[in-house]
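Peer 1: Take a look at what TrEMBL says about it:
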TRANSMEM  100-119  transmembrane segment
TRANSMEM  148-168  transmembrane segment
TRANSMEM  174-193  transmembrane segment
BINDING   Asp233, Lys234, Thr235, Glu356, Phe398, Lys422, Arg451, Thr531, Gly532, Asp533, Arg613, Lys619, Asn642, Asp643  ATP binding site
BINDING   Asp233, Thr235, Asp639, Asp643  Mg(2+) binding site
ACT_SITE  Asp233  active site, 4-aspartylphosphate intermediate
COMPBIAS  271-295  compositional bias 'Polar residues'
REGION    271-302  region 'Disordered'
DOMAIN    666-893  domain 'P-type ATPase C-terminal'
TRANSMEM  700-722  transmembrane segment
TRANSMEM  728-748  transmembrane segment
TRANSMEM  778-798  transmembrane segment
TRANSMEM  804-825  transmembrane segment
TRANSMEM  832-852  transmembrane segment
TRANSMEM  858-882  transmembrane segment
Amino acid sequence: MEVPLHQNQRVPSDMVFLRTSEKAGSCFIRTDQLDGETDWKLKVAVSCTQRLPALGDLFSINAYVYAQKPQLDIHSFEGTFTREDSDPPIHESLSIENTLWAGTVVASGTVIGVVIYTGKETRSVMNTSNPKSKAGLLDLELNQLTKALFLALVALSVVMVTLQGFVGPWYRNLLRFLLLFSYIIPISLRVNLDMGKAAYGWMIMRDESIPGTVVRTSTIPEELGRLVYLLTDKTGTLTQNEMVFKRLHLGTVSYGPDTMDEIQNHVVDSYSQTHSQAGGNTTSSTPPRKAQSSAPKVRKSVSSRVHEAVKAVALCHNVTPVYESRAGAATDAEFAEVDQDFSDENRTYQASSPDEVALVQWTESVGLTLVNRDLTSMQLRTPSGQVLTYCLLQTFPFTSESKRMGVIVRDESTAEITFYMKGADTAMSTIVQYNDWLEEECGNMAREGLRTLVVAKKALTEEQYQDFESRYNQARLSLHDRALKVAAVVESLEREMELLCLTGVEDQLQAGVRPTLEMLRNAGIKIWMLTGDKLETATCIAKSSHLVSRTQDTHIFRPVTSRGEAHLELNAFRRKHDCALVISGDSLEVCLKYYEHEFMELACQCPAVVCCRCSPTQKARIVSLLRQHTGRRTCAIGDGGNDVSMIQAADCGIGIEGKEGRQASLAADFSITQFRHVGRLLVVHGRSSYKRSAALGQFVMHRGLIISTMQAVFSSVFYFASVPLYQGFLMVGYATVYTMFPVFSLVLDEDVRPDTAMLYPELYKDLTKGRSLSFKTFLVWVLISVYQGGILMYGALVLFESEFVHVVAISFTALILTELLMVALTVRTWHWLMVVAQFLSLGCYVASLAFLNEYFDVAFITTVTFVWKVSAITVVSCLPLYTLKFLRRKLSPPSYSKLTS
């Protein structure tokens, strides 16, 4: 099935690109929802169908496409296109540049493609995962404790029946005891916790310091306080994806943002000189030549060197200026051309890499403007308004192997042929003439976090070029090892090139990324960066964002393809200590295939890990492997459609509303507007949510245990009778009206002020050990409950006066007071609502005494005896605990109290 698509339309399924309206036979597409990169990718139409004279001829030819079976990898494709009705049949090989994947958007022209994969077989669907419901670690821990409580309940009931001596229908008594002690199981725990989580969510959304934050889940706010690994995307999450030209270095002179006007003056000077030299006679090429050759071979002036460098940057690229056609003028194509010509406001640049656009925009700002480009020529406009035309003889595109790109141009006015080349310093250092500054300056710029490109040129004579062209065309026609032969021919030119300049472009970081990463690192969180971008760029951003600190070494994992290579490389890496790891997606795949356990073990020891060229599935896989191997909590943060599977695989997913749409923020558990908000979200809200839930959970358990202890003491005193101590409304009121508000007010408690938590992120490290809620703290609470329950019941029995009614009144009142005092003991920072809750509950209880005649003897309650007996029991049950707490704060204070005092 063939599908026509216009500009800005989304590609509906995976297709092979057959034909386009663009003369070049290629078009740009935007892939931000597929790999998260906002630069445009150049795609090429199948030449056999692009060459057909008319669009209708597509339907009259007899051809078929062979495609490989559906795969996950979005960066590769193999297939063939065969046209059978020509003589001989035409076979064309198809690669990744002939494909349009579903989910991408056509950025230029109209395209026609033939569908190869649909539905679940498309690359974008194969790279997404099914969402699962997430359960927090705290919930799992509370589940364990509840199981322990259930065993305690059964054991207690069996003990009671045993002490009875299994008389009569003992199994009936067993069931009665199970029901009597059933308060041990904290049924209200779930309700309290869920209400608490809703409250935390509301507090996060109300926080003025992190505006625009949305909590999309009500189950895991406590997870934010237990994270050990943070996995982040790069483009759009750490960076703004806006490139700015920052530095031009000529070896002796360096120009920065504040000295760009000097460059502009040099460019203006050199063009006004050449203009006057040529004397208006642009056709004759002799005068400027003579002027050049007769000059003595001294070092060139700074002005001419600046001019050469700027011209090289303006010519050596893959950028196309595009003019929006104005309404009204667009009726007649010819007139539209004339009308829209070269107006600066109307021009936008299109390229497959934002770095290149930044370079061309910079040459425009210093006076040399790229105004037009097609397949064979380029036009530059000088500061004086003169338009120079250059004929494009050859273009050598950038590849990840060669790490450089080049063009051969002929200046129409002077007929000079020049070969310009720019590329990464690693590739270019061997190509340019000997110099003593390149390596050092590249290092300096990289430390500043700038992406560097080395620019060089070589003048060619007509004979040299003709010789090169014949060899080059011959190499391109060879059937075996074509790529190697072509590379060898191009390399024959790449010798002793004249080094012109070194450029530095900055990918601006999001606001506050450096301090946030610094803070997270101090909080003991290990940060991994998973990106779809190139290795150089990823390493550069890792350094500039201080993900890798300045003193740390980085170990770049060499590309490996086989088991043996992976083994050697892992051994080499094992010898390094405290060193950040940079690895590409392909090598990672090989390591995980053969040495999963060893690789994860080594990677987890690294202070930082950078994975580049990662597909969405790989990102999700790394997250799940981290969870399996370390058992620690992971958090993933991203902003594009390509981060969704990683966000869903992590224990806690954070989405950023970015330029790449809201797909990630809608799929995440928490949605924020800027990366720097992560710090406060984890260190302040994560901490308080976890601490509060831990206190709340244990208190609710204590509330059930204490009343069950009283019941047990009561039964054992009365010959193990399975008779309830408190009946009817007392039991209902105990768990609701009388104690609900103070216990729930624990969700307002905070042990550390937010500004202290932000100032000392190191406090966060303690949380990951999970000491706020463990079997140890649980046992302490069980002992407290048993002690208090025993004191309350025995006290009441010792002091009771012949009437059973008084036991109930005294013990129940003392129980309520004890609960309220225990809440007060647990609270670390008082909030006015907590005080209100305490008095409200006490008021409710006192008011209800008047109505509960069937349980209480009102006459007795109002006597002094009642008051002193209740007070005595309460003091005995609570005073020792207050004393212990005071001593503990004095002798072994928690780490945070040292900061707050």
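In case you wondered, yes, glycine gets a Cβ from its N, Cα and C as well.
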Peer 1: If one looks at the chain holding Thr235 (ATP binding site), which residues at least 6 apart in sequence have a CB under 8 angstroms from its CB?
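Peer 2: Looking at Cβ-Cβ distances below 8 Å from Thr235 (ATP binding site), excluding near sequence neighbours, one finds Gly36, Glu37, Thr38, Asn241, Thr531, Gly532, Asp533, Gly640.
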Peer 1: Before we move on, state whether the transmembrane segment (858-882) and the transmembrane segment (700-722) share at least 3 Cβ pairs under 8 Å, counting only pairs 6 or more apart in sequence.
Peer 2: no
Peer 1: Check the transmembrane segment (804-825) against the transmembrane segment (700-722) for contact, please; criterion is three or more CB pairs under 8 Å, pairs 6 or more apart in sequence.
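Peer 2: Judged by the Cβ rule, the two regions touch, with the required three close pairs present.
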Peer 1: If I take the alpha carbons of Phe398 (ATP binding site) and Asp643 (Mg(2+) binding site), what is the distance between them in whole Å?
Peer 2: 27
Peer 1: I'd like the number of other C-beta atoms within 10 A of the C-beta of Phe398 (ATP binding site), please.
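Peer 2: Within a 10 Å radius of the Cβ of Phe398 (ATP binding site) lie 19 other Cβ atoms.
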Peer 1: Which ones are near Asp639 (Mg(2+) binding site): of the binding-site residues Asp233, Arg451, Arg613, which have a Cα within 10 Å?
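Peer 2: Within 10 Å of Asp639 (Mg(2+) binding site): Asp233.
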Peer 1: Using a 10 Å cut-off on CB atoms, tell me which of the binding-site residues Asp233, Arg451, Gly532, Asp639, Asp643 is the least crowded.
Peer 2: Arg451
Peer 1: With a 10 Å radius around each C-beta, find which of these binding-site residues (Arg613, Asn642) has the fewest other C-beta atoms nearby.
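Peer 2: So among Arg613, Asn642, the binding-site residues given, the one with the fewest Cβ atoms within 10 Å is Arg613.
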Peer 1: Between Arg451 (ATP binding site) and Asp643 (Mg(2+) binding site), what is the CA-CA distance rounded to a whole number of Å?
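Peer 2: So the Cα of Asp643 (Mg(2+) binding site) lies 24 Å away from that of Arg451 (ATP binding site).
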Peer 1: C-alpha of Asp233 (ATP binding site) to C-alpha of Asp643 (Mg(2+) binding site): distance in Å?
Peer 2: 7
